[in-house]
Amino acid sequence: MEGGGGERAAGVVRRLMAAKAESRKSFSEIGEEAGLTNVYVAQLLRRQAQLKPETAPALRAAVPGLTDDLVALMMEPPFRSYHPDIVHEPAIYRLNEAVMHFGESIKEIINEEFGDGIMSAIDFYCSVDKVQGADGKDRVVVTFDGKYLPYSEQRSDHMMSRLTRKTS
């Protein structure tokens, strides 16, 4: 929950979230100002993503409380993890439930539309948006936008480690 890496990481996340609170801006507002998705801003501030040097000035402009030392820490590769109890948090539990419930159907559609492969969670964008449903009630839209990665046929003549050994 606190960005992994123990007590030091938890303290950094608390300081980052305090800087966000001082800004009085939502993740979406910060994202708009910095040119990032709202989920990526949250990932950065929770130390689940690495801040890139070219993005730092825009993020600092949006969140003035980010100190030089916090920005430097945000530029270090994070320890991506989660607390095992997080799955019991109701919003996260329901997201997991939705993926489990719809996952097999989504996988089948990916296979129909793209072939045998997966959606990347590395070359990946995610956002959360609020829209009004046909009934006028608020609805949550979670968008997963990941690069398609086809599974490889494991041909021995394409396996570089084997080709290197044969030519040595």
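Note that Cβ sites are derived from N, Cα and C of the backbone, with glycine treated the same way.
Quick look at what Swiss-Prot annotates:
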| type | residues | note |
| --- | --- | --- |
| ACT_SITE | Arg94 | active site |
| ACT_SITE | Glu97 | active site |
| ACT_SITE | Ser120 | active site |
Inter-residue Cα distance where the pair is Glu97 (active site) and Ser120 (active site), in Å: 20
Count of other CB atoms lying within 10 Å of the CB belonging to Glu97 (active site): 10
CB within-chain contacts under 8 A for Arg94 (active site), separation at least 6: none
